């Protein structure tokens, strides 16, 4: 009865801190909790010992340099369950005593002076994980990483080894000390700063502190080196803060606010203002959020970042190893829509650039291009890392053809001809990465078989995700035994393949057989890669998202019209256009059948490809000159036809292409790629009616829709000349 009364009196006084102790992790014990361990029952003591022994077996210890069991045995006092008279002491035992024989309380011994204790032997691990230094102070409860505002749009970040900083926004990243990895690209200390774009349209990027060889220096020498590296960037107080929070093998990162004409130009339009700017505040605003907000960043959760599966890691390691050792493999990526082909491509290119000076890239997906405006098939040589979505890194291609449509349906022959024309320029001096369309059903799968036979890749990376449709494994045996759209199974030539329906149009000449890059199809190695990148697209909103991405790609290309020095933006309608005479260029509408009388209406206020054909236009005195067939020719760039002067017979074109390259342009191709509506609707400074915008649009006009057809003209209208390509 006495014992029951004692227990009833003890429970209310101990319930609050018991609940708090149970809510904490079993591997972490605060100072307040350790002070309350001065009085414990035998059952509580056994449970505490089991927890500490389990923590020690897992490689952790709640007090550095002190064995858990010894510390408990010396610091804890066992309280008896009976009301015995104090003064009769007994040694606590690991075995529980019967309730009928209460153990007398032990007299408290005087506190001894602390003596140095032997260090516990660490548990051997396969991968050594660094531990924080003894003087590393704990971070506040509402802060994840140590961040500090340096002023002037700069923030300092201290990242422990193998930790990630996942964020949204854009910034310029400089590694002051240590080694970082961003999107597969490694940034070491002393290297130039990199512009990183973690936009809201794609998965958020992360800055990861990499493990680097531990310097053979003392702790004092390491701190002295860090102070010397930090001195050009910050004040004395900020350097003391870094030393205070620095732990072994950590990395010190400088994040700067990124301002560029391209970002300011894209952000000035309402349709793209949300891409780089943070518009919504979180539910809980802490000191870390306020510090990062000064440079336009916001830390995100881990599940919002990019994580690779084990199969993706294995494929990347093998491809990088083969490219660095065996030479220049041809790598073809395929998979359904939104399977992660573009993301995997960027990571692969960044990892290859860590060891190689350049990587070749063949774009075969005209709907979602990586480096050019949409509607193009291009070959590029990439020498700089890709640290953002496609619209943040436009590149000048080595060879490009303007296809003019987002898909190749009902136009397979022209598509394969263009791929072959572009592929001829590949010199096999660097690894080649080929990106294909996400159309893998029905005719799309057969067309993919044709591409594999045409391009003869060494590796086929087939990506699949739970969201996409299932497709057969494209092994070498499957490709050999399956008929494509234009190729037959097991029909090869010495240096190419045979397409019976094409006749000799796709056959290689003798010079191409001797010097061309197309080898005999020897088979390939198939790698199945499982991906599950975060994606907000589905069957219902895919068309909407793809339209937004195409508009952003066009805006990214037009941002090259802005001066390289940040300053006041100039609206597009205020820029001085180039004047192109009618008789200097030939014109062709690639995606639709347009009557000659309506050709100029189709060209005005349109996105035009500035191309170069082999024929000379000097023999024509009047114009416009119309092409009867769509030529396969080099595209040098793009522009906007902002007006047509009928009196002087001139096209007015705005383009970022330099004048020395414009001299070679003698053909204008107009496809189904349209100018983003925000460019036309949001024109600052205009009063009254906005040009080129109307609600009374007649879709019944020839060429108003995307219907493709053929038209034969017996008599050309007055003032027009037709030009047919020579065979």
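Including glycine, each Cβ sits where the backbone N, Cα and C put it.
Keep in mind that TrEMBL annotations are predicted by a computer and have not been checked by a curator.
Per TrEMBL, the features are:
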type     : residues : note
COMPBIAS : 81-98    : compositional bias 'Low complexity'
COMPBIAS : 99-127   : compositional bias 'Pro residues'
DOMAIN   : 150-278  : domain 'NOL9 N-terminal'
DOMAIN   : 335-465  : domain 'Clp1 P-loop'
DOMAIN   : 574-676  : domain 'NOL9 C-terminal'
REGION   : 75-142   : region 'Disordered'
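The average pLDDT the prediction assigns to the domain 'Clp1 P-loop' (335-465) is 93. Each residue of the domain 'Clp1 P-loop' (335-465) gets a DSSP state, and the totals for helix, strand and coil are 41 helix, 27 strand, 63 coil.
In terms of DSSP secondary structure, the domain 'NOL9 N-terminal' (150-278) contains 32 helix, 45 strand, 52 coil. Summarised by DSSP class, the composition of the domain 'NOL9 C-terminal' (574-676) is 16 helix, 38 strand, 49 coil.
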